[in-house]
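Residues annotated as transmembrane segment in TrEMBL: 93-112, 124-142, 148-167, 188-206, 244-266, 272-294, 376-395, 415-437, 449-465, 485-505, 517-538, 558-577 (among others).
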Amino acid sequence: MAAPAPKQEELQPHAVRDQLPSVSYCLTSPPPWRTPFLPSFPPLPPISSSAPSVLAAAAAAACARCFLDLSLGLATDAVSLVFNAAEAVLLGFQHYLVMLGTTVIIPTALVPQMGGGNEEKARVVQTLLFVAGINTLIQSFLGTRLPAVMGASYTFVAPTISIILAGRYSGIADPHEKFVRIMRGTQGALIVASTLQIIMGFSGLWRIVVRLLSPLSAAPLVALVGFGLYELGFPSVAKCVEIGLPQILLLVALSQYIPHLVPLLSTAFERFAVIMSIALIWLYAFFLTVGGAYKNAAPKTQFHCRTDRSGLVGGAPWISVPYPFQWGAPTFDAGEAFAMMAASFVALVESTGAFIAISRYASATPCPPSVMSRGIGWQGVGILLGGLFGTANGTSVSVENAGLLGLTRVGSRRVVQISAGFMIFFSILGMAGVGFLQFCNLNSFQTKFILGFSLFMGLSVPQYFNEYTSVAGFGPVHTHARWTSWFWLYLLLCTVEFDIVAFALHRFKVYRHGCDIVFWCYVLLKSPSSSFYCSFGTLKSCKLRDAFPCAHVQFNDMINVVFSSKAFVAGAVAYFLDNTLHRRDGTVRKDRGHHFWDRFRSFKTDPRSEEFYSLPFNLNKFFPSF
């Protein structure tokens, strides 16, 4: 009789995990500064069966061995202290190098258009680094407490360019004076824009929005926070392909292949692949520059490939401490402020996705909505600091550094705090989103529709806006309807106290041709609703367009900035579909992963939240999380 066929092993899907496994150092387990040595004492012979001379000899031998072990142990302890401290410092320095790229690229692109030279560019870079270091420390101690590096954001570039092109600066002949005036205008816009995140974060409004997030709606948001930078990837590499391409190949080889070929050094290559590849490729580029490889190259090629063309080293002073209002008092313009507020809202959404990814890479539980809202509030404070110090750019979570957490598998808070120290010192002297689909039922056609449609729209809509702008010179939203500026002004007046508005408008002289806007502010706020249109029409009849000459342009920028963000479009579409399609159905909620995140929607429902997200110095008593 033939033996029965062996029972085929039933295949099981991978287990769902609240915390990412295989992380070397998680959020609360940083690289140790030292490994304490405890000497081992040899056992003495029993007193009952030993003569006094034997006991004395054994005690002397034990003391000698203890002294030798203690000496060797202290030496080993000192070596361990050096190596462990060096590991933590190098990991922090690696984060500093990664964020330095964006910190240099944005001022390099903006400052020359503002009228500044190498000296102004170096000061802006120093100020950006200084403010980024402060914001990173604030976020790691008082914000979400995640290992998030706060730095410059490409989201704020578009409204900044709009300010640069404003007509009120076109008549300034002196380049330095033009730079200072534009910088002060940017400062004012950033100060106003920071209030959006501060109010939404600290008031708890953003907590209400985050509570409705599910793994399904978070997946497109987090994915396109990283994927949204693909336009800046290889196109930037191609500007100097003989240096950029070897950098990519070397980084992949050091981080993915060599650790398997050299097991003894696998940890070093996995954790320090970035700093190794940067050092080797920079030396390679330096030798090409010294050897004259670019002597006869085009100026554009020399600018991108040579190691001596940035102008930052020559333009930077030896010691420079950034301070508030170093460029002068900020100036305010309503249209510019609203355009910058649109960018601030987009940065708020993108940072939410980045915080979700970082909590995953740090092997922490999902960030509770109250903690997320707290972090957004402090990010708004970071934008306020950028406006006070004059960085010409806002603050958001550095997506590049979030990816570095996944590459090195080191999600330690201490490492990021060390990198913040490097930022301050030197200023003075995508696949995470896909991982959230493990919580969803991908056999559900509705889940697939929401995921596919949101990703498609997140990539397609911004691409349309970018292509339209590159061909036509302006975005698809290109209206000259001035009612938009008046409507926004009315909304502003209805949300703040009249005395504050009157003082601000009088202080910054927002009135022209004898039409006292302060008076009409009073008429608008005091008139009954039945006479609103009459008062509004009276205000409209004044030459308000002279007070806000670029208001219609700024409204266009507000719309174009919002819909040019891939993460914002994808996240908004997924969020809307997830919360409108059969949201009350229990089976549908399980398909979208709501049941996995329900216990993290409140700070107290999971004990691990206290471990990962509680404030230091017992501050939770004064600033409780909900």
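Just so you know, glycine gets a Cβ as well, placed from its N, Cα and C.
Keep in mind that TrEMBL annotations are predicted by a computer and have not been checked by a curator.
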With pairs closer than 6 in sequence left out, are the transmembrane segment (148-167) and the transmembrane segment (376-395) joined by 3 or more CB pairs under 8 Å?
-> yes
Where else in the chain does the transmembrane segment (124-142) make close Cβ contacts, counting only residues six or more beyond its ends and a cut-off under 8 Å?
-> 99-100, 103-104, 106-107, 110-111, 116, 148-152, 312, 316, 320-322, 326, 374-375, 378-379, 381-382, 385-386, 389-393, 395, 413, 416-417, 419-424, 426-428, 615-616, 619
Any chance the transmembrane segment (558-577) and the transmembrane segment (148-167) are in contact, meaning at least three CB pairs closer than 8 A with a sequence separation of 6+?
-> yes
State the non-local partners of the transmembrane segment (449-465) in its own chain: residues 6+ outside its ends, Cβ under 8 Å from one of its Cβ atoms.
-> 216-217, 219-220, 223-224, 227-228, 437, 440, 475-476, 560, 563-567, 569-571, 573-574, 577-578, 581, 592
Outside the transmembrane segment (244-266), at least 6 residues beyond either end, the same-chain residues with a Cβ under 8 Å of its Cβ set are 236-238, 273-274, 276-278, 280-281, 284, 407
Do any residues of this chain, six or more beyond the ends of the transmembrane segment (272-294), have a C-beta under 8 angstroms from a C-beta of it, and if so which?
-> 90-91, 93-94, 97-98, 242-243, 246-247, 250-251, 254-255, 301-302, 305-308, 404, 407-408
